[in-house]
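Let me begin by presenting the structure, written as structure tokens, before commenting on it.
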Amino acid sequence: MEKWGNAMFVTPGVVIDGKLHTHSLVDINLGIRILLGHSYYDDWTDQEMFVKTDPLGNPVDRRHPWNQHTNPRPQKRDFDGAYSWVMAPRWFDGKDHLALDTGGGPLARLWATALAGLVDIGYVKATGNSVQINLPKTALKGPVSLEWKIPQYGSNTIERNRARTYFQAYAAACALHFAEKALGEIRAGRTKTWEKFEVPKEGIGCGFTEAVRGVLSHHMVIRDGKIANYHPYPPTPWNANPRDSYGTPGPYEDAVQGQPIFEENDREHFKGIDIMRTVRSFDPCLPCGVHMYLGKGKKIERLHSPTQSVTGE
């Protein structure tokens with residue numbers, strides 16, 4: 001898992017106060033804690049612990065996704081009590097439960113990659129304090145070299161959006177690298193793309209990847225060849241969560257507290273554009289905040305897009 005993470009073209013990492021705390025996927029996984037506080041759920045402290053140690057023998061906390069239970073408790077919204085269906089993921093650094101955000105995706109990806117200094121594929125190079133991106137000459141444009149540098153003033157609305165623009169070039173450079181590698185494999189006759197996989201009778205697993213707006217992790221427990229416990233954590237729970245049991249606000253709330261309001265509309269016509277601009281910089285996807293499983297299934301509504309796939313017109 002460590003070797004796999006370090007070989008990624010975006011280096012995994014936890015950045016705290018601008019410094020790389022760890023880029024170990026084992027440590028990142030074990031540090032995850034799911035808190036409640038102001039969410040519409042009852043706690044699971046008196047329920048079964050599915051996993052006590054990981055395959056390496058490291059202790060697994062009761063509040064880790066492997067041990068999470070989901071106990072919905074619908075109630076009237078109360079900002080002094082419960083006010084969100086989103087739980088509160090935190091990362092425990094050994095002392096504090098930290099409300100980390102995903103940087104809207106690109107900011108976190110570039111920052112962790114830059115500090116780790118592991119990526120060097122020619123088109124992209126992490127230097128320890130920046131990421132250099134080199135795009136070759138094309139039919140329409142000459143060669144382009146860009147450098148994203150770690151921002152002086154930390155994470156904010158402007159930097160999240162600025163990083164998003166740089167990451168378009170980063171993704172294009174990586175895509176060119178992947179295409180060249182793929183063509184090399186094809187020329188060598190290595191075209192196998194699938195490995196047979198047998199579901200174990202017993203096991204635990206986790207998978208880390210990136211959605212557009214940030215980290216996406218999956219945590220599963222298998223018993224008797226079936227899923228006994230499964231919880232995904234996409235970016236939105238990390239960003240959109242309410243205050244936790246320690247009173248710490250989630251990133252959306254924290255980002256707009258004390259924010260200057262430049263809008264000139266009066267109270268009656270207030271639009272909240274300054275607040276919206278900040279939240280939008282995280283690239284929010286609220287449907288990802290809560291996932292439901294309906295047992296045997298219940299068809300609520302069927303939607304198709306584009307419509308011509310249904311109508312044939």
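Sequential numbering from 1, following the chain as shown.
The backbone N, Cα and C atoms fix where each Cβ goes, glycine too.
As recorded in TrEMBL:
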- CYS285: Ni(2+) binding site (BINDING)
- CYS288: Fe cation binding site (BINDING)
- HIS291: Mg(2+) binding site (BINDING)
Counting every protein chain present, what is the number of Cβ atoms, excluding its own, within 10 Å of the Cβ of CYS285 (Ni(2+) binding site)?
16
If you count other CB atoms within 10 A of each CB, which of CYS288, HIS291 wins among these binding-site residues?
CYS288
Distance, HIS291 (Mg(2+) binding site) to the residue listed as 'Ni(2+) binding site' (CA atoms, angstrom)
12
